[in-house]
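The block underneath contains the structure these notes are about, expressed in structure tokens.
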Amino acid sequence: MAGGGVEDVYGEDRATEEQLITPWSFSVASGHQLLRDPRHNKGLAFSEAERDAHYLRGLLPPAIVSQEHQEKKIMHNLRSYTVPLHRYVAMMDLQERNERLFYKLLIDNVEELLPVVYTPVVGEACQKYGSIYRRPQGLYISLKDKGKVLEVLKNWPERSIQVIVVTDGERILGLGDLGCQGMGIPVGKLSLYTALGGVRPSACLPITIDVGTNNETLLNDEYYIGLRQRRATGEEYHELLQEFMNAVKQNYGEKVLVQFEDFANHNAFDLLAKYSKSHLVFNDDIQGTASVVLAGLLAALRMIGGGLVDQTYLFLGAGEAGTGIAELIALEMSKHTELPVDDCRKKIWLVDSKGLLVESRKESLQHFKKPFAHEHEELKTLLEAVQSIKPTVLIGTSGVGKTFTQEVIEAMASFNEKPVIFSLSNPTSHSECTAEEAYTWSKGTAVFASGSPFDPVEYEGKTFVPGQSNNAYVFPGFGLGVVISGAIRVHDDMLLAASEALAEEATQENFDKGLIFPPFTNIRKISASIAAKVAAKAYDLGLASRLPRPDDLVKYAESCMYTPLYRSYR
């Protein structure tokens, strides 16, 4: 058995790298069929012996090149594209043609290619998914499949699934309801589970649940690929989700991680609360975002001094991300001070579209906002809230661009020596402020991080490198930790362990540049450390089913990671 208690049928783990393998599909793949199989195709990298043994002679030009040479050529081609969406399409084509080369490219050029396969370019890809659609890249489950969801799952060719990312397309990034075209998100997320976290590609399953869309533009778009009807809600919606969750457990067992992705607020909280007791579920928008931001805060406090409990927090945006982050900060505070979580929440204030959350508004608030409504006069604007509450940490999760105005940031800088400002909304156009604005308006004092990438900023002769609070720091390592320990449930302490592991990876060298997150170039190593801490916590809590517990969890995590180097075929 290999990592995570799932048999490594295809010899994809690092532990089997030296072994000769047979390229099985249903029979031994050879000739034309082998070149059409993305898992085993190596293009011009097939050796003379392999070309003879697998009937490839004449089907390929005579040149034999290395994987490094192929990588160099494709990077050259990608850099020649001026339109980001063309890069995305080229990467997706490569994934369908030569899986190992795709992941080698992504791992070796992670900082350059991450924005292509994920945010911000994936947002545009989802908006135009109907037009750029070529081949299905996951499972589509729609209202038409009600009563047959288990049969649909059985149509997927892989049996040993470890991670499922599922969306219903209602709230894609900051772009709103994209219906069936949200499939780009699960596909992109899972390619990062593999590239950054080392979860085997064959163990990943992207799923879109199509219950219709309320997006008029899509309903009238002749190229739309989903159901042309208004979104189902209420009982009809929840029955389909219930059937889906039951079918997943029936088909893949107790230990498959189901990540809910880009569901609208009302459903996201309900689904997480409903299924976290009976299934291994995780919501990246609520929990993953919170874990990364908490890690950023822990690192920022190492840089400026003081503890979590000494800060006052103000959020703009009280949806999934805002309340998820706020709750995790309160849990971490409570864990280290032994104060009740309720007391810790009093240090955290949230502003939604109607103003500051306060006690007098409690009756009209959604349930997930209520814990953060404290005694205070009603305030309508962010600037009033900043001036009244005088926060040390300002966090934006509103999805509305340009909301951290010059007045807001100047006010933050006026009563903080080093204000912590996180503008987390994606994509870049929705960011509450840019890196340049944060550094310039705060006169170079801000400790800044953003959700989308920004270039380094020069201010008065000093270069500031903005940190990117990207969920890709946490969810791949978190997923790997869950898989290798055989965890059967996700506990909040596992998220706190992931945050602490990530915060420990930031070095003084990073701090000197103003960076609170480590560079992405070390992401595989970071993921292994996070996986080890998450797995250790799962064992401590009695939630791990893979026994006995490995002695060295970091080494074990590394040995379970998928490696994209070509294999030699017998």
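Heads up, the Cβ atoms here are built off N, Cα and C, so glycines get one too.
Bear in mind that TrEMBL entries carry predicted annotations, made automatically and left uncurated.
Feature annotation from TrEMBL assigns domain 'Malic enzyme N-terminal' to 95-276. Feature annotation from TrEMBL assigns active site, proton donor to Tyr118. Annotation source TrEMBL lists (S)-malate binding site at Arg171, Asn426, Asn470. Positions annotated as active site, proton acceptor by TrEMBL: Lys189. Residues annotated as divalent metal cation binding site in TrEMBL: Glu261, Asp262, Asp285. Taken from TrEMBL, the feature domain 'Malic enzyme NAD-binding' applies to 286-539.
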Subject >> Those recorded positions, out of Tyr118, Arg171, Lys189, Asn426, Asn470, that come within 10 angstroms of Glu261 (divalent metal cation binding site) at the Cα >> reply: Arg171, Lys189
**OP:** Just jot down the residues in the same chain as the residue listed as 'active site, proton donor', at least 6 apart in sequence, with C-beta under 8 A of its C-beta; none if empty.
**Re:** Gly188, Lys189, Leu192, Ala472
**OP:** Work out how many Å separate Asp285 (divalent metal cation binding site) and Asn426 ((S)-malate binding site) at their Cα atoms, rounded off.
**Re:** 12
**OP:** Do me a favour and check the Cα-Cα span between Arg171 ((S)-malate binding site) and Asp262 (divalent metal cation binding site); whole Å is fine.
**Re:** 5
**OP:** Give, as a single whole number between 0 and 100, the mean pLDDT over the domain 'Malic enzyme NAD-binding' (286-539).
**Re:** 95
Original post:
Per 10 Å Cβ neighbour count, which of the binding-site residues Glu261, Asp262, Asp285 ranks highest?
Top reply: Glu261
Subject >> Rounded to the nearest Å - Cα separation of Asn426 ((S)-malate binding site) and Asp262 (divalent metal cation binding site) >> reply: 12
**OP:** Within 10 Å of each Cβ, count the other Cβ atoms and name the one among the binding-site residues Asn426, Asn470 with the highest count.
**Re:** Asn470
